[in-house]
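Relevant sequence annotations retrieved from TrEMBL are reproduced here:
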{"type": "REGION", "residues": "B:1-21", "note": "region 'Disordered'"}
{"type": "TRANSMEM", "residues": "B:32-54", "note": "transmembrane segment"}
{"type": "TRANSMEM", "residues": "B:87-104", "note": "transmembrane segment"}
{"type": "TRANSMEM", "residues": "B:116-135", "note": "transmembrane segment"}
{"type": "TRANSMEM", "residues": "B:141-162", "note": "transmembrane segment"}
{"type": "TRANSMEM", "residues": "B:174-195", "note": "transmembrane segment"}
{"type": "TRANSMEM", "residues": "B:222-241", "note": "transmembrane segment"}
{"type": "TRANSMEM", "residues": "B:262-292", "note": "transmembrane segment"}
{"type": "TRANSMEM", "residues": "B:304-322", "note": "transmembrane segment"}
Amino acid sequence: MTQLHADDLTLAYERRVVAEDLSVEIPDESFTVIVGPNACGKSTLLRALARLLRPRDGTVYLDGAPISALPPKRLARRLGLLPQSPLTPEGITVADLVARGRYPHQGLLRQWSREDETAVADALAAVGVADLADRVVDELSGGQRQRVWLALVLAQETGVMLLDEPTTYLDIAHQIEVLDLCARLHEEGRTLVAVLHDLNHACRYATHLIAMRGGEVLAAGPPAEIVTADLVERVFGLPCRVVPCPETATPMVVPADRRRARALTADTL
Amino acid sequence: MLPLASRRPEPPAGADGARGAGALRSGRRARLGWIALLTVLLLLTVVASLAIGAEHVAFGRVLPGVFSPDPGSRDELIVHELRLPRTLLGVAVGAALGLAGAVMQALTRNPLAEPGLLGVNGGAALAVVVVIGTVRADDALVYVWAAFVGAAGAAALVYAIGARGRGGASPARLVLAGAAVNAVFSALTAGLMLLSPRSFNGFRFWQVGSLGGREMSILPRVLPFVLAGTVLALLLARPLNALAMGDEAGRALGSRPGRTRALGAVAVVVLCGSATAAAGPIAFLGLAVPFIVRTLAGPDQRLVLPYSLLLAPVLLLGADIVGRVVTPGELETGIVTAFLGAPLFAVMVRRGRTRDL
Amino acid sequence: MRVMRAGAVSLRWEPRTAAVCGTLALVAAGAAVLVVGSGEFPISPPDVVRAVVGQGDRATEFIVTTLRLPRALTGLLAGLALGLSGAIFQSVSRNPLGSPDLIGFTTGSATGALLQILVFGGGAVAITVSSVAGAVLTALAVYAVAYRRGSGVQGVRLVLIGVAAAAMLEALNSYLITRAELREAYEAAFWLTGSLNGRDWSQAVPLAIALAVLVPAALALARPLGMGELGDDAARALGVPVQRTRALLTVAGVGLVAAATAAAGPVPFVALAAPQLARRLTRRPGAQLLPAALTGAALLVPADLISLHLPVAMPVGVVTGVLGGVYLAWLLSTTGRKGTA
């Protein structure tokens, strides 16, 4: 059994059931990426892994214990989450925001230990925003802001980090910047689980891919082993070719040219 | 920072160019259907308002009472002298408040915006208390003009404060400026009111909005203002639609947000000032009516404004009728609107899709 | 930021925040001394202090401790309570307009008191009890209506429902005022404006007891409350029991509003303005509970002092409304930064 896994989850919002009998394993020290079409339940699964959503049935285990049994702070010292749209308190500085990541390590009499100080400084340095420490977060660019939020999760010093669409609303250069950063955090020995929209990014950065559709896992494994034209068609309903990426040799999904296909059909008529 | 104000703007439904001509035509038919329905509803309410009251009036006496009252008939005189002016006042005040609320919510992009929030009620009330305290308190027409001036002054002040500073007159700033001005005015009002039991006595009745017990010569005085404000507001439907998409998108579509806001504020002041002057502060109508209309008709101001115009008097007269019959001694209209409006509003908030919040 | 460490214990504090708090406390206490000194028989500040610590002559001591000190203390404590509850509600609803004055709690408290004054004709204790009951019932109703399974009580919905409740209760208050005898109605209107006139120990003592329980409870939850400003998801991922924190703080906040209103009437604007002022004074983001509480006291007591020195008797609510409103208007017109308002 791996460190983080979920058994037979039934996930549901008020009336709508999103997934039934869903089981996943997150390989230890992997960079796991969950992909799938909109509303396939991938963000819901991530929320269940982070205990933001209580499964109607089934259990999520962390280090062999059900996460629902852990006290909130203890869970937060082992598992961090970057939500899809966190709120930035108005007028807060970068250093103050990142310092809030230390909450699970603090208490009434332990408000700012030396470890807190080091963790925040390290996190700021790790994402490359140490020189922005005294700036107000509202004034930063989208990419910088996302890095600051990553630093917050990093300062939490957890072995597992869950990231819900960390690249949304960023331009391509900032997307790559954030993903490179994630890859580095993974290489340093953390387990990362991310929901990503871009399939090519997922193939390029993931060591383990989980492909979902309609609340079910259709395939799981290293991208090079599982990503085929057939799988993409089954998951996304998109006809495509899968070719090796010229840069990284990971699988690259190239959508089929429907316009040309249409033109050909028209010619034959 | 004000989640209320940053409600994501919806593209107006009517501006959807992708829809086919057939869909547009049926949309127009639906629109005419709604207008017809609301008009019929309004007429029915007017008839009910003429026929129902604390005094029993034979139904057959209502129409003659309106058009050619027989001086010998008590019923017909009641209809002509008491209920007809009161009903007309209700139509004018209701229409003005409903429309003003709709314009204000569009201007501030805030579903919470209310005539009271822009300081109009506060300004009107302060002016009336000043008049009650200083001038001869018997002449009701003096109150009217005082309320009008106070309302306009307050709104201008709110706009001036809200529009200063780098951000300009953003929705959040306007609402907060309104809250600030209102607080000052209502504190001053309370202070003046408490100076003497005499001024307090005059004001405690005025400060509960009501269609009954008003000087009926008020109606012809405020009617021109209500009409002018109505025309101005209806002309603003299109620019307000553009404003709903945010200042920048609106500007990109060729609208002029600054001008729309200024004209909209003028319309609001004229409408609210007249209504408050005529009937005192009436709670909730300006808040609830546009809210109800938007859940029925969507965000297109070309629908919201006329529907609000028609629906608001229906509700106001309905509240007035309820107030006439529910207790022996008539409940003031403003109290009834609050008691009927608030629960309805709460239900809608609970059901509401997030876009309305 | 400064840190004090000793072994495993580490405490952090902001020098600016500490200085602001100290100054605010001095302002409030100083104004309270002047309030005690004001009246038909003026007493100098040193004499006031001597009388309070039991070193003055008997006549002065009687005037101070029996007649005037309860009023000053009630103002001080009500200010603390209003400022603190305003900060709590504005943070919980994530909305500067989510203050208890606007979402009906204060109005409900006033309705309870009005019913007692005008309909049942109860005395001071009965007024206190029914005013607290009014606030609590209003809060319960607003929360029950705003609660929805799955999402719980969401900020915007809470504010909207609260505004509706406030409008309804205001209409009820007006109704009560118009139906009453002029003299009684006049008295009730005085109370409705928020007034510290004629407060004695029977108001000050219950308020002090309520604060002794609720203030430490609220301050202990300040840190998780601040975390909630990152959004529910982020806060919960950091180990904050979001719903529980919110529920406990709401109970504390309602209790504070109820206690303050029962003692001083629905003093306007302190709960709305104090948290905003505290944030600007400390220049810290998010809810500043202790500074907001002290700002509340530093607003209310000086306002009472002003009301005592006006040429005509004015309830303190008139002064807080004017001062607070003018200050907020000034703030809005000078601070141009988008969103700071």
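Just so it is clear, glycine is given a Cβ too, placed from its N, Cα and C backbone atoms.
No curator has checked TrEMBL annotations; they are predicted automatically.
Thinking about packing and proximity, how do these listed features fit into the structure?
Residues 62, 65-66, 78-79, 82-84, 86-87, 90-91, 296-297, 303, 306-307, 310-311, 313-314, 317-318, 320-321, 324-325, 328, 330 of the same chain sit 6 or more residues outside the transmembrane segment (B:32-54) yet have a Cβ under 8 Å from a Cβ within it.
Residues 12, 14-15, 92, 95-96, 99-100, 102-103, 106-107, 144, 148, 255-256, 259-260, 263-264, 266-267, 270-271, 273-275, 277-278, 300-302, 304-306, 309 of the same chain sit 6 or more residues outside the transmembrane segment (B:222-241) yet have a Cβ under 8 Å from a Cβ within it.
Nonlocal intrachain contacts for the transmembrane segment (B:262-292), taken as residues 6+ away from its ends with a CB within less than 8 angstroms of a stretch CB, comprise 89, 92-94, 96-107, 111-116, 118, 120-121, 124-125, 143-148, 150-152, 155-156, 159, 206-211, 214, 218-219, 222, 225-226, 228-230, 232-233, 236, 239-240, 304, 308, 311-312, 315-316, 333-334, 337-338, 341-342, 344-345, 348, 356.
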Sequence-remote contacts (6 or more beyond its ends) of the transmembrane segment (B:116-135), Cβ cut-off under 8 Å?
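Counting only partners 6 or more residues beyond its ends, the transmembrane segment (B:116-135) has Cβ contacts under 8 Å with 104, 142-143, 146-155, 157-158, 174-175, 177-179, 181-182, 184-186, 188-189, 192-193, 195-196, 199, 202-203, 206-207, 268-269, 272-273, 276-277, 281, 283, 286.
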For the transmembrane segment (B:141-162), give me same-chain residues lying six or more residues beyond its boundaries with a C-beta closer than 8 angstroms to one of its C-beta atoms, as numbers and ranges.
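For the transmembrane segment (B:141-162), the sequence-distant neighbours (Cβ-Cβ under 8 Å, at least 6 residues beyond its ends) are 118-128, 130-132, 135, 169-170, 173-174, 176-178, 180-182, 185, 206, 215, 217-218, 221-222, 225, 265, 268-270, 272-274, 276-278.
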